[in-house]
């Protein structure tokens, strides 16, 4: 039987429609799953640290923080106000909403610790009273262990006992609109903390574990292994990064831990990459090197304990006077444009474009 063109068109359309519907349904389902996963990664923690104006503005500057709201927490009543918190025993508290894929609770707490006096009782900066006490209030029971470990590590840095209150969240009330985004509305308003400390990166050693020796031998080139593990030195002026001045970061070739920034790189004329300082002071350590009948200060990476190079006191005087002379074979350059994809998005704000 011969079929008409009209019949064939209608048949094709009918056959195609269910397939299209299935594709749309599948696409919609996938988008919903992604949205659900993204929502599941959004967490909340409540932080008290003196006047909430500064703490709110500080938290909002941190990579991975999605929102910060000023409020009152862990008082004795379900209602309060700015005028009443002295009577209801609420603490000025910032509700911090963050993406756990971008910043962990442990790292977020390290930022928090940078701007409080953890040994002070009912006092932060010039602010005094129970409403200005320090506190970490949680809703997820799993957060309690993370908070406990962070506080134990913090205590090792102080002789006095840490006085930060840790409790499940209760009686949280959002503060009056006047207090929300206060420092955005009043740029010269009162702030007891240096909010620019949020721009100083927190680099967690635990994120960059050291591979085994066998893994290093498989991963590194012979030159990279020789330099990082046996403290050898590559040739000057014929290495990869001595004349590279693109914006980005330099990471330990053995672990991936960030060690230097393009912000601090300069032309020293020595033929090796030269920096005025590490990206933060904690990512390197030093040993005395008496080899070749010289007394030098060796620079090693924190997580990988890899030999990076040496530091000398003939650097730019206006930038501290130091010159970190580093082997290209010990580091890997991550361009600014690739930092987010490579997992270093949290450092982008600290790199000058």
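Cβ from N, Cα, C; glycine included.
Under the heading active site, Swiss-Prot lists 51, citing similarity to another entry as support. Sequence-distant neighbours of residue 51 (active site): residues of the same chain at least 6 apart with a C-beta under 8 Å from its C-beta are 92, 124, 125, 127, 132, 190, 191, 192.
Residues or ranges marked as active site, nucleophile in Swiss-Prot: 325. Here the Cβ of residue 325 (active site, nucleophile) has 23 other Cβ atoms within 10 Å, regardless of which shown protein chain they belong to. A strand conformation is recorded for residue 325 (active site, nucleophile) in the three-state DSSP classification.
Residues annotated as domain 'MsrB' in Swiss-Prot, with sequence analysis given as evidence: 213-336.
Within the model, the region 'Peptide methionine sulfoxide reductase A' (43-196) carries an average pLDDT of 96. Residues or ranges marked as region 'Peptide methionine sulfoxide reductase A' in Swiss-Prot: 43-196.
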